[in-house]
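Trainee: Quick one: this structure, given as structure tokens, is what I'll be asking you about.
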Amino acid sequence: MSESQDPRYKYPPVAPRIYSLVASVVVAIAAGTPYAYSVFAPQLIKNSNLPVHVISNLSLSITLGSSLGGFPAGMIIDKLGPGLADFIGSISTFFAYSLLHTLYQTKSQNVTLFMISLICVGFGSIISFYSTVKVATANFPHHRGTAGSLPVSAYALASLIYSSVSVHFFKDNTSGLLKFLSIFCPAFCFLGSFFLKIYKRERISPSITPPESATPPNLEQQPSFKHVPSTTSLLSSFNDRRYSTSPRASFSLWGIPFRSPRPSLSNMDQSAPLLNQTGLQRSDSMSLYAAVEDTPVFVRENSPIWNHHIVQAICQRLFFKYYLILASLQGFGQAYIYSVGFIVVAQVSSDPDSNLSVGQSQALQVSILAVASFLGRLTSGPISDIFKKQFHAQRIWCIFFAAILMALGQGLTAVFDSVGKISISSFIIGFAFGFVFGTFPAVIADRFGTKGFSTIWGLMTTGGIISVSQLTKIFSYYLGKHTDPDGVCRAGVECYRDTFIITQYGSLFIAALLLFTIYYNNKVGVHQ
């Protein structure tokens, strides 16, 4: 049933929601300034004569602002709304780049001020970006994957846009670029804040609901999970499932059920998690399985704090399982992204006869990663929607495919011995990384609902800072083992082979965990 066909609800017009989606894309591009850091960072450090060891601290500052800042940013969005949160992001971005411009002009060597400005860059970026994702997923509950993929992919494309702007308009003019970023990005985030609104449907009074669409009171008042099936029905359903050998049963086993009668999505609360809306979808045999993922881990179910939606979400075992999956895949992808410059240096330095420019080769890899991530984020939404709507499969199948691609890319990096071949790895890993971040927001919205979505998603992404920091340390360790006294590793692929063998097996482990999750979710009747 489409939205307009359900007489019990008054739905908001489509036009304002489209405007908000377009604004989300524009704001996401304006908010993608952390990806522009590599464009001006070398000149910034050189101009201020900062020591080399400060480079890692400055990179960490952006990560702190965007990763650890994601949780408070999500809470602000859920509390104040996406429009006001985006406005706060525009102020943070304006302050950050204005301070960076001043520090560059004065050739300041105050590392603390540099770090504060970059933390504000990360925080301002992520709070505006999360606002766009919240608006997209909440305003289009029946197409969360497709709608959410638009701002997510635009955010990934920002690095390519800002690098092009730098080359064509601010070549050898870092001060002008910083001034541009301090005006353009905050201005568009500020203008977009007026359009970032969530339009909710309104329930029409039951007194004017047509009789034929009304639900009998005795059914409407019964909680969907309080039904206790009879022993006969349990055994009958269990035997039907046990002795079924049809393709329908085997597909359903892996979370790809054929179409069966189920409640229309338009009859459901678009802000509520889908698990709480699937009571009528479960066969009686599902009652034989305990929904372990819903069991509270740290909080008693009857305690007062358990009534809070966010607490219920983050205390479930499934939340921690998703946290591990996202943190791992985020770490595998970003560790490669941060290390690809060193990979290029190692490959070029290993061939004395090579005429390749290190700078141009590094820029090429960054561009490939940006385009591949954009394509992954853009295509992941529609594909996950097709999986869910056409095949009635779980969205996390898309995460499984991304994990397999990630393992492939990491494995190829461990064996490729030329810069040209590394471009293939960059594309595969970039695409897989984008595919993960294009799909996961819809998975979280489906599982936990859009109420408190930004807070939950902000907390979910904090795991990346742990995995990235540890994996970059491993990369540095193996790179240092083969580095000569000049500080350059000339051993080619041997400089980093062991690192990417580790990440390859890590990706395969996550893929296996995802297969188990898909199987178990189907057992307990969760179709995300």
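Residue numbering: from 1, along the chain as shown.
Glycine is no exception: its Cβ is also placed from the backbone N, Cα and C atoms.
Quick paste of what TrEMBL says about this protein:
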| type | residues | note |
| --- | --- | --- |
| DOMAIN | 323-528 | domain 'Major facilitator superfamily (MFS) profile' |
| REGION | 208-231 | region 'Disordered' |
| TRANSMEM | 18-37 | transmembrane segment |
| TRANSMEM | 57-77 | transmembrane segment |
| TRANSMEM | 84-104 | transmembrane segment |
| TRANSMEM | 110-131 | transmembrane segment |
| TRANSMEM | 176-196 | transmembrane segment |
| TRANSMEM | 322-346 | transmembrane segment |
| TRANSMEM | 358-375 | transmembrane segment |
| TRANSMEM | 396-416 | transmembrane segment |
| TRANSMEM | 422-444 | transmembrane segment |
| TRANSMEM | 456-479 | transmembrane segment |
| TRANSMEM | 499-520 | transmembrane segment |
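Describe the structural surroundings of these features, if you would.
Mentor: When averaged over the domain 'Major facilitator superfamily (MFS) profile' (323-528), pLDDT in the model lands at 86.
With a threshold of 8 Å between CB atoms, the same-chain residues lying at least 6 positions outside the transmembrane segment (57-77) that come near it are 34, 37, 41, 45, 85, 88-89, 111, 114-116, 118-127, 130-131, 134, 338, 453-459, 461-462, 464-465, 468-469.
Outside the transmembrane segment (84-104), and at least 6 residues removed from its termini, the chain residues within Cβ reach (under 8 Å) are 27, 31, 33, 44, 47-48, 73, 76-77, 110, 113-114, 116-118, 120-121, 123-128, 130-132, 174-175, 178-179, 181-182, 185-187, 189-190, 192-193, 196, 454.
Long-range contacts of the transmembrane segment (110-131) within the same chain: residues 24, 27-28, 30-34, 37, 44, 48, 50, 54, 57-58, 61-67, 69-70, 73-74, 76-77, 82-83, 85-86, 88-93, 95-97, 99-100, 103, 151, 155, 189, 192, 196, 454, 457-458, each at least 6 residues beyond the stretch ends and with a Cβ under 8 Å from a Cβ of the stretch.
Below 8 angstroms of C-beta separation, residues 19-20, 22-24, 26-27, 29-31, 33, 36, 39-40, 82-84, 86-87, 89-91, 93-94, 96-98, 100-101, 104, 124, 128, 131-132, 135, 162, 165-166, 169-170 of the same chain, each at least six residues beyond the ends of the transmembrane segment (176-196), sit close to that stretch.
Note on the transmembrane segment (322-346): residues 59, 358, 361-362, 365-366, 369, 399, 402-403, 406, 409-410, 413, 419, 422, 425-426, 429-430, 432-433, 436-437, 440, 443-444, 447, 460-461, 463-464, 466-468, 470-472, 475, 479, 488-493, 495-496, 499-500, 503, 506-507, 510, 513-514, 517 of its chain, located 6 or more positions outside it, place their CB under 8 angstroms from a CB of the stretch.
For the transmembrane segment (358-375), the list of distant contacts is 35, 38, 153, 156-157, 159-160, 163, 337, 340-341, 343-345, 348, 419, 422-423, 426-431, 433-434, 437: same-chain residues at least six beyond its ends, Cβ to Cβ under 8 Å.
Long-range contacts of the transmembrane segment (396-416) within the same chain, counting only residues at least 6 positions beyond its ends with a Cβ under 8 Å from a Cβ of the stretch, are 255-256, 325, 329, 332-333, 336, 343, 376, 380, 383-384, 387, 422, 424-425, 428-429, 431-433, 435-436, 439-440, 443, 493, 496-497, 500-501, 503-505, 507-508, 510-511, 514-515, 517-518, 521, 528.
Same-chain residues lying 6 or more positions outside the transmembrane segment (499-520) and placing a CB less than 8 Å from one of its CB atoms are 253-255, 293, 321, 324-325, 328-329, 332, 335-336, 339, 394, 396-397, 399-400, 403-404, 406-407, 410-411, 413-414, 471, 474-475, 478-479.
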Trainee: Near the transmembrane segment (422-444), which same-chain residues lie under 8 Å Cβ to Cβ, leaving out any that are not at least 6 residues past its ends?
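Mentor: Long-range Cβ neighbours of the transmembrane segment (422-444): 133, 137, 144-145, 148-149, 152-153, 156, 322, 326, 329-330, 332-334, 336-337, 340, 343-344, 347, 364-365, 368-381, 384-385, 395-396, 398-399, 401-403, 405-406, 408-410, 412-413, 416, 453, 456-457, 460, 528.
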Trainee: Below 8 angstroms Cβ to Cβ, which residues of this chain, lying six or more residues outside the transmembrane segment (18-37), approach it?
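Mentor: Result: 59, 62, 66, 86, 89, 93, 97, 118, 121-122, 124-126, 128-129, 131-133, 135-136, 139-140, 147, 150-152, 154-159, 161-163, 166, 181, 184-189, 192-193, 195-199, 370.
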Trainee: Cβ under 8 Å, sequence separation of at least 6 from the ends of the transmembrane segment (456-479): give me the contacting residues as numbers and ranges.
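Mentor: For the transmembrane segment (456-479), the nonlocal Cβ contacts are 60, 63-64, 67-68, 70-75, 126, 130, 133, 310, 313-314, 319, 322-324, 326-328, 330-332, 334-335, 338-339, 342, 346, 440-441, 444, 448, 489, 495-499, 502-503.
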